[in-house]
Amino acid sequence: MTTVYYDQDVKTDALQGKKIAVVGYGSQGHAHAQNLKDNGYDVVIGIRPGRSFDKAKEDGFDVFPVAEAVKQADVIMVLLPDEIQGDVYKNEIEPNLEKHNALAFAHGFNIHFGVIQPPADVDVFLVAPKGPGHLVRRTFVEGSAVPSLFGIQQGASGQARNIALSYAKGIGATRAGVIETTFKEETETDLFGEQAVLCGGVSKLIQSGFETLVEAGYQPELAYFEVLHEMKLIVDLMYEGGMENVRYSISNTAEFGDYVSGPRVITPDVKENMKAVLTDIQNGNFSNRFIEDNKNGFKEFYKLREEQHGHQIEKVGRELREMMPFIKSKSIEK
């Protein structure tokens, strides 16, 4: 049964008197740090020199190299990209951990797959907002919040649970609700959602729809409008009220087509393929492939990225977006 915690459920402020080091000052890092600071906590930033280092200073934080930030902290929240966490942990975090420090993450990848293996005498917890950093920050300022997940991997001090919930409250998450989970569940469901649906599944569905229309002789511009541009209209309806809201809002023709043609596209074989994707996540095949490719300079990753960048749908999209000044268009430089 799902357990959800709110402000009133966090009885003890286990962060009181503790120094928090936020390692990283990107999307999640700036939101966590600023929300904690606004709630009165002692926050320092650990980061390497660069734009984010300068931005954190501009925002009024004490900023240090990662090792120095960790040395002075009781709670260390690691908010770096998955692929660099392992090296930063090994070289800058682990040598400076002390007994009963708390090591925290917003995604469980490196803990769950064993890239990072903390010593047994530190707490390890997860607080994972279910939204991007700018939304975590904006909703906090507005007095609301983004729902979040939390979980405990190890509790050496006996206070890991209280610290995790206090941290979740500190970034504002308990205003909306914090769902209890595990590193395993958070990691595997997050990766599956990205690969099978949100990123991999949707991108290939759109691309295949575009190719089907163009190969049948239809204008690429019309194909783009029908399978990519209008996707936002449907996703917004889904976001606001689920599939029922989509079906309530679209025409009867579209709804009928949903029922009779959807199962022809997403067949039982597709679900079996999804299960295979999930299995590769669960057994470590995907993580091993990602980790090894990272060690080899991301040769496979960059090759795949370049292949997708050259697809016709991207060229058509760039041209059509110039006709729509109401869209805040983004061109990704290569």
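Note that Cβ sites are derived from N, Cα and C of the backbone, with glycine treated the same way.
The annotation active site is assigned in Swiss-Prot to HIS107 on the grounds of sequence analysis. Counting only same-chain residues at least 6 apart in sequence, those with a Cβ under 8 Å from the Cβ of HIS107 (active site) are ASP82, LEU126, ALA128, GLU186, THR187, ASP190.
Mapped onto three states, the DSSP output places ASP82 (NADP(+) binding site) in helix. As annotated by Swiss-Prot, NADP(+) binding site applies to TYR25, GLY26, SER27, GLN28, ARG48, SER52, ASP82, GLU83, ILE84, GLN85, GLY133.
Around GLU230 (Mg(2+) 2 binding site), no same-chain residue at least 6 positions away in sequence has a Cβ under 8 Å from its Cβ. Taken from Swiss-Prot, the feature Mg(2+) 2 binding site applies to ASP190, GLU226, GLU230.
Marked as Mg(2+) 1 binding site by Swiss-Prot on the basis of sequence analysis: ASP190, GLU194.
The Cβ of SER251 (substrate binding site) lies under 8 Å from the Cβ of no residue that sits 6+ residues away along the same chain. According to its DSSP assignment, SER251 (substrate binding site) is coil. Feature annotation from Swiss-Prot assigns substrate binding site to SER251; the stated evidence is sequence analysis.
According to Swiss-Prot, the feature domain 'KARI N-terminal Rossmann' maps to 1-181.
Taken from Swiss-Prot, the feature domain 'KARI C-terminal knotted' applies to 182-327, supported by sequence analysis.
Cα of ILE84 (NADP(+) binding site) to Cα of GLU194 (Mg(2+) 1 binding site): a distance of 20 Å. The C-beta environment of ARG48 (NADP(+) binding site), restricted to residues of the same chain at least 6 apart in sequence and closer than 8 Å, consists of PRO65, VAL66.
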